[in-house]
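A.B. asks: This structure is in structure tokens; I'll ask about it shortly.
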Amino acid sequence: MTELSDREAELVSAHEQERPARQLGGALRLGVWIVGGLLSVYSLVVVFRPVEAVEHRITFLAVALPLVFLCYRAGTGSLLQRLGRRGGGTPAPVPVPAPEPQAEPAAPAASPGGTRRVEWPSVADWLLAAAALAVLVYPLLDIDGFRDRGSGAALTELDIAAGLVLTVLLLEAVRRTVGWALSIICIIFLIYAYYGAYLPIDWTIGHRGFDLSQIVSQLYTGTEGFFGVPMQVAASYIILFTIYGAVLDYSGASRFFIDLSFAAFRRSRAAPGRTVTTAGFLLGTVSGSGVATTVSLGSVAWPVLRRAGYPREPAGGILAAAGIGAILSPPTLGAAAFIIAEYLRVSYLQVLLYATIPTILYYLGIFLAIEIDSRRFGTHAVRVDAPRAGRLLLRFGYHFSSLILIIVLMALDRSAFQSVVIATGIAFALSFLDPRHRMGPRRVGQALAKGTLEVLPVTAVCAAAGIIVGVITQTGLGLNLSGIIVDLAAGNLILTTVMSGVAVLLLGLAVPVTASFIIAAVIISPALMALGVTQPEAYMFIFYYAVLSEVSPPTALSAVAAAAITGGNTYRTMMMTWRYTLPAFLVPFAFVLTPNGQALLGQGPIGTVLLMTAVSAVAVAALALATGGLSGWPERLLAAVAAVLLLFLEPVPIVAGLAVLALAAAVHLVRSRRRDPA
């Protein structure tokens, strides 16, 4: 990403669900970066020299977990407390610089350099790090015996002790990195596993109860607990794509993407808004954080949006919508997308295919809303001193080559792991084409270390999420809860889907996207599938709503960060963000509620896919008209009804929706002529 000032870095820390790392100093800082770099090297090497799955996951966590205790302070501030730092509805705007050439890419808080106060781990931090290393090296000393005990052999007392210690350490690691909420949820699940036998016998969620040995066997020595699918994803997909993003960032790609976006839309009145949206899409290749992308964009784009005539709240809405688009956009979707691939046992390329059409519709909705707002607010084109798009593409267009290579290699049946490692090597080699960003030994080391340090929070989340997954599997809670959801909705798919969406959004208010997806995937998706929804449709629905929690009131973290940049009212910025992202809230219902909805995931005959995409595009346009404010309320209400009808994607509703949309156009034409008879 482009370099962040200390104030902007504080913004990311304050409004990101992941808590900030401490700023280390001296030899410890260097040591942490060396260990982080070595873990990245190990992760790259095992792609071509595979290690047995469980052994690899344990080894990865054995290095990552101690780093969490050294890099993250033991502060007790919660997410809501950090949000409370805003001090009211309208935060003070962040002073932001005008666009300028990129300097050194920003590093995590534990990186070398920077002006923030240096902090040192306490004795307790060192003891926790040592304990984490001990309980994770222990199974590696006799990995075959450890696997045997996980397959049904009796656990030793040392196994039970180590498993209990690791459980406590993971709860603390999650508390340090993402706050109390996920830790509390995990504790509730542990209590449920132990005391389930004491629940009333007529309660659906009751079970026979499990002792410590059985719980530890499930979580520590089994393959559905700490070292299950989420941990596998963190130790393979996520670390590799994070390393790739870091190398791409250090090679100068972030600056190129922003410059290209400014150059591509320099003449239109809607150009500033389009620029921000396009830059957010491109920056999604180097950042998996909606808040970080929002802040990075805002540091460059807010002065341009202000000069173009955008009010503070709509400008903040555009920034937040573009930032969250970074998580929704192929080819490097958020971490939850990798978990989808593992749960569905499909290639990551298949998940990218699922996401392609919804992503197109998402950006279509934003572009149309920006076009409408540019007329409503009377914005104008802004002159920005940037090279022309053609010249930029000729000089720096090679930054796209590694992105394209990932898709091509996966299409040629290369694994996603090998594809991203090869693309990382290409991005490194191409950095030498730009003298400002040549990746010598120092920059390579920084990029590798950054890859590991940025994945520490999600690693803690994935390991701790194993508590939830393991308990649900052991107790059968998932099937019981899904049955309750279906019963509450009286077997009605529409009501079940609405309840599921609300549940995922509420869950996302408390825990990060990855954790909310994992929890919802094992609890909510069975309810949808029980009513005939396919597994890909259910998982993609949950994925989008987990991501959209970042722009959903009352927290809307990306919108809060955007308001802090523009100085706009926080609540109004949230609502503007919600309006820009409205298609992303409604389109997932289409591929769950109707048989033709699978076409929006790229499934089915090509003719059906194209037709349903076109109909959905018209529906998104109708939504933009309904929320845009250019027309009167009668036309907007008709457009909203038309959008809902069109998204049913069935012949009769489509015809009815087109008729209602035509009626809205006719009403608008008549009212316009009455207002302006000439």
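Using the three backbone atoms N, Cα and C, a Cβ is placed for every residue, glycine included.
Just lifted these from TrEMBL, have a look:
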COMPBIAS  92-102  compositional bias 'Pro residues'
COMPBIAS  103-112  compositional bias 'Low complexity'
DOMAIN    166-587  domain 'TRAP C4-dicarboxylate transport system permease DctM subunit'
REGION    90-115  region 'Disordered'
TRANSMEM  58-75  transmembrane segment
TRANSMEM  153-171  transmembrane segment
TRANSMEM  177-198  transmembrane segment
TRANSMEM  237-258  transmembrane segment
TRANSMEM  317-340  transmembrane segment
TRANSMEM  453-472  transmembrane segment
TRANSMEM  478-495  transmembrane segment
TRANSMEM  502-529  transmembrane segment
TRANSMEM  541-565  transmembrane segment
TRANSMEM  577-594  transmembrane segment
TRANSMEM  606-625  transmembrane segment
TRANSMEM  637-670  transmembrane segment
A.B. asks: Residues sitting near the transmembrane segment (453-472): Cβ under 8 Å, six or more positions beyond its termini, same chain?
C.D. replies: 18-19, 21, 32-33, 36, 60-61, 64-65, 67-68, 71-72, 108, 110-111, 167, 170-171, 173-174, 176-178, 182-183, 185-186, 189-190, 192-193, 215, 218-219, 222, 224-231, 233-235, 238-239, 242, 246, 335, 478, 511-512, 514-515, 518-519, 522-523
A.B. asks: Verify whether three or more Cβ pairs under 8 angstroms connect the transmembrane segment (177-198) with the transmembrane segment (502-529), leaving out any pair fewer than 6 apart in sequence.
C.D. replies: yes
A.B. asks: Okay, the transmembrane segment (478-495) and the transmembrane segment (317-340): do they have at least three CB pairs under 8 Å, pairs separated by 6 or more?
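C.D. replies: The transmembrane segment (478-495) and the transmembrane segment (317-340): touching, no.
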A.B. asks: Is the transmembrane segment (58-75) packed against any residues at least 6 beyond its ends, judged by a Cβ distance under 8 Å, and which are they?
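C.D. replies: Residues packing against the transmembrane segment (58-75) from afar: 19, 21-22, 24, 28, 32, 35-36, 38-39, 42-43, 51, 109-110, 119, 121-122, 124-126, 128-130, 132-133, 136-137, 139-140, 143, 169-170, 172-173, 176-177, 226-227, 231, 234-235, 239, 452-453, 455-457, 459-460, 463.
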